[in-house]
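So that you can see what the record holds, here are the features copied from Swiss-Prot:
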| type | residues | note |
| --- | --- | --- |
| DISULFID | Cys39-Cys102 | disulfide bond |
| DISULFID | Cys49-Cys95 | disulfide bond |
| DISULFID | Cys86-Cys124 | disulfide bond |
| DISULFID | Cys113-Cys151 | disulfide bond |
| DISULFID | Cys117-Cys141 | disulfide bond |
| DISULFID | Cys171-Cys244 | disulfide bond |
| DISULFID | Cys174-Cys246 | disulfide bond |
| DISULFID | Cys189-Cys294 | disulfide bond |
| DOMAIN | 34-154 | domain 'FZ' |
| DOMAIN | 171-294 | domain 'NTR' |
| SIGNAL | 1-24 | signal peptide |
Amino acid sequence: MPRGPGSLLLLVLASHCCLGSARGLFFGQPDFSYKRSNCKPIPANLQLCHGIEYQNMRLPNLLGHETMKEVLEQAGAWIPLVMKQCHPDTKKFLCSLFAPVCLDDLDETIQPCHSLCVQVKDRCAPVMSAFGFPWPDMLECDRFPQDNDLCIPLASSDHLLPATEEAPKVCEACKNKNEDDNDIMETLCKNDFALKIKVKEITYINRDTKIILETKSKTIYKLNGVSERDLKKSVLWLKDSLQCTCEEMNDINAPYLVMGQKLGGELVITSVKRWQKGQREFKRISRSIRKLQC
């Protein structure tokens with residue numbers, strides 16, 4: 001027998017024994033009446049909602065995704081925001097939209113409460129802004145019902161600031177190692193490529209970050225066993241990055257000095273440093289790299 005929906009949802013249902021009609025939330029689309037046949041098991045590879053307290057979700061979801069493929073493609077981009085731990089209920093809020101709970105005895109959709117959205121937005125919108133992304137219109141809190149309606153509530157204040165929660169570890173490639181010029185040159189000689197790049201797009205596949213480069217803003221400093229054909233793909237990888245944070249690479253509009261190795265046909269980043277425009281250190285490093293013979 002599958003387990004029940006969890007204490008949170010039981011509390012929601014208990015407080016609303018007599019339900020009126022609830023409107024679907026398809027942003028800019030007509031209301032939609034869900035049917036029980038639209039309940040789907042939450043797949044194991046929907047990592048955004050891994051460990052959520054219910055097992056079945058509705059399709060289409062509250063963001064208008066009609067297939068599981070769409071959900072998986074779009075949900076991965078939000079995993080880093082959860083990893084930033086800007087609010088304890090970020091995952092709950094996002095999963096209530098990407099994978100809304102589906103209960104056997106309830107045909108209506110359960111949306112996130114207005115207060116849940118407001119709290120998450122207040123804490124997480126500044127984090128998104130630092131990455132160059134505004135809070136999207138589809139997540140505007142005025143779209144969600146007030147707390148006296150049937151909705152997913154904010155956690156109790158007892159759980160807002162977990163005292164024992166460990167700080168997320170920093171990705172090895174993103175650690176500030178306080179290297180001098182000699183250290184940087186030594187690191188470069190150990191790697192297969194060194195590039196100055198700007199980021200066009202970041203996506204997330206399984207546990208890894210896929211970084212798509214702006215092709216016209218790329219400067220090549222070193223290639224060893226890496227062909228021009230490899231670089232034409234304009235794709236770099238930051239491995240296992242969803243298990244750690246990378247503050248060094250938190251601005252999609254900034255240029256970066258990246259070094260790495262070719263592993264299994266992929267260009268994998270082992271070191272990343274934000275390139276401060278006009279900074280003397282990077283101008284000096286740039287000259288040193290061009291003269292370097294490993």
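Note that Cβ sites are derived from N, Cα and C of the backbone, with glycine treated the same way.
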Those residues of the chain, 6+ apart, with a Cβ under 8 Å from that of Cys294 (disulfide bond): Leu188, Cys189, Asn224
The domain 'FZ' (34-154), counted residue by residue under DSSP: helix, strand, coil: 54 helix, 11 strand, 56 coil
In sequence order, the disulfide-bonded residues (Cys39, Cys95, Cys102, Cys117, Cys174, Cys246) whose C-alpha falls within 10 A of Cys151 (disulfide bond): none
Reduced DSSP assignment, Cys189 (disulfide bond): helix
Residue among the disulfide-bonded residues Cys151, Cys189 whose Cβ has the most other Cβ atoms within 10 Å: Cys151
Cβ neighbours within the same chain of Cys39 (disulfide bond) - under 8 Å, at least six residues apart: Asn56, Met57, Arg58, Cys102, Asp104
Candidates Cys86, Cys124, Cys174, Cys244 (disulfide-bonded residues) - the one closest to Cys141 (disulfide bond) by CA: Cys124
Listed disulfide-bonded residues among Cys49, Cys86, Cys95, Cys113, Cys117, Cys124 whose Cα sits within 10 Å of Cys246 (disulfide bond): none
In three-state DSSP terms, the structure that Cys294 (disulfide bond) belongs to: coil
Rounded Cα-Cα span from Cys49 (disulfide bond) to Cys117 (disulfide bond), Å: 17
Model confidence over the domain 'NTR' (171-294) (mean pLDDT, whole number): 83
Separation of alpha carbons, Cys86 (disulfide bond) and Cys171 (disulfide bond) (Å): 18
